[in-house]
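**Q** Below, the features straight out of Swiss-Prot:
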BINDING   T66, P67, P68, G69, E70, G71, K72, T73  ATP binding site
Amino acid sequence: MLSDIEIAGAATLRPITEVATESLGIGAEHLVPYGHYKAKVGITYLNSLADRPLGRLILVTALSPTPPGEGKTTTSVGLTDALHGLGKRAIACLREPSMGPVFGLKGGAAGGGYSQVVPMTDINLHFTGDFAAIAAANNLLAALIDNHVHHGNELDIDVRSVTWKRVLDTNDRALREVVVGLGGPPNGFPRQDGFDIVVASELMAIFCLTESWADLKRRIGDIVIGYSRAGAPVTARDLGADGAMAVLLRDAIAPNLVQTLEGAPALVHGGPFANIAHGCSSVMATRAGLRLADYVVTEAGFGADLGAEKFIDIKCRMSGMRPDVAVVVATVRALKYHGGVALADLDREDLGAVEAGMDNLRRHLDNLRHLNGVPCVVAVNRFPTDTDLEVVRVVELAASYGVPAYQATHFTDGGIGAQDLAKGVLQALEEPARDEFSFTYPDELSLTEKVEAVATRVYGAGQVTWDGKARKRLARIERDGYGTLPVCVAKTQYSFSTDPGLLGAPTGHELRVREVRLSAGAGFVVVICGDMMTMPGLPTRPAATRIDLADDGTIIGLS
């Protein structure tokens, strides 16, 4: 089989104006083209759609992933193509890839095989410049903080309390902790600082949760960058940074329109990680999709304990959206991995391991159905090494839980390989809801109680423990009036626990909170657990070493 980049390179793409006009009814005058195959959809035009009825929202999530990944984006694209092939007006709403994983371990995030969004190389690299705009706005605020201190510190900022970090879209562990302002008085006031990856930043979260230009500026102004020496919060608005930062993001918050390999429309916009951020594409893009199409397929990062929980408890809570059905992606190899099989042996048939690994899938299904009231369908994303017996067993066991499951071969077959899944999703959408939609916790709980609710109800933890510094920070956040905000838990994606090696569906484990960060502009509190880092490092053999540029300008090795 051809590689992802070879498949994408051989595709014949429709002009983006044609995709917009024929698939979505958007006139060319409402697009801001970035070449022939990608464009931003004008915000003024999107605002004019406010009275249109909303389509149905399909959330694609997964069981706890294995290191190679289970294909949520690929399934989202394949399902969109399948719905499109069935004559439905469907659109995908996906996250933009970060160049950190592209050049690191995971690789790109534009789908795979014959279920990709294109132009794949553009999307995986600079795309329309959204991440660069976010980084510029973020780092402008960092510069204004240090400049304010250098020129007299009128706000009396306690430099030891500054929490705002610089960012870049690269995995670079050497920049996690740095000292700035060295070299004497002309270079500013020396202080400890650090870098986060763009997709873990508060500004990325603001970008993805904002609903308008006014909302963008308000949220940016609400950012708390640190505290005065008297203990009062200091905001971006206090520094006069909100206007300039909003200007840098004015055009970027317009959703990006591209297409799948089969010509279906896709809005690819925003890209927070789900393990160290809230893991969902932008509200602007999702709401646009719901007004432009009858069916919106969107994905939330990693397993349902991370991306789907945050989709529901953060994105839905703030936007008022509700998923009509969740498609939970499972693979035979992931089930065997959670059933105790080593990575090197996942290609061997093992029905016993498949059955043991179903505990992990079942907990995700139970959480979505019974805790949040979201109907579920299982997509068995089939790999060539899966046997018929293994796939049939997954379908049987899911059915025994009361959840329909469908084999999908969209990676190798494109949209036609996901048509059974699409028909199953359409059927699920026609059935009356059995449970009422609900959040994992109400707003009025304390921050401690909210973390405990996620830990015990979603993760199956027995207790939550707090490092002393984290507990003090939490108390200060509540004292400053932010106790009603939702929580965004940052933890490993590989387990319900904070131990990536604790697979399956563990119970009674301890959730250790190491650090707490206030994201007042985004509107949530980040709770960092275990050993999670908000600036990843590169692996022993980075993907960057396999990517090259041919003499004719062709990009090689991007996946």
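From the backbone N, Cα and C atoms, a Cβ is placed for every residue, glycine too.
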**Q** If you count other C-beta atoms within 10 angstroms, which of the binding-site residues P67, G69, G71 is the most crowded?
**A** G71
**Q** Near E70 (ATP binding site), which residues of its chain come within a Cβ-Cβ distance under 8 Å, counting only those 6 or more away in sequence?
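**A** Expected: A62, L63, V329, A330, T331, A334, N381.
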**Q** For a quick check of packing: other C-beta atoms within 10 Å of the C-beta of T73 (ATP binding site), how many?
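**A** The answer is 25 other Cβ atoms.
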**Q** Counting only residues 6+ away in sequence within the same chain, which have a CB under 8 Å from the CB of P68 (ATP binding site)?
**A** R333
**Q** Quick check: in three-state DSSP terms, what is T66 (ATP binding site)?
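**A** T66 (ATP binding site) sits in coil per DSSP, no helix or strand.
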**Q** Determine the minimum-neighbour residue: among T66, K72, listed as binding-site residues, which Cβ has the fewest other Cβ atoms within 10 angstroms?
**A** T66
**Q** Could you check what DSSP calls K72 (ATP binding site) once collapsed to helix, strand or coil?
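**A** SS state of K72 (ATP binding site) = helix.
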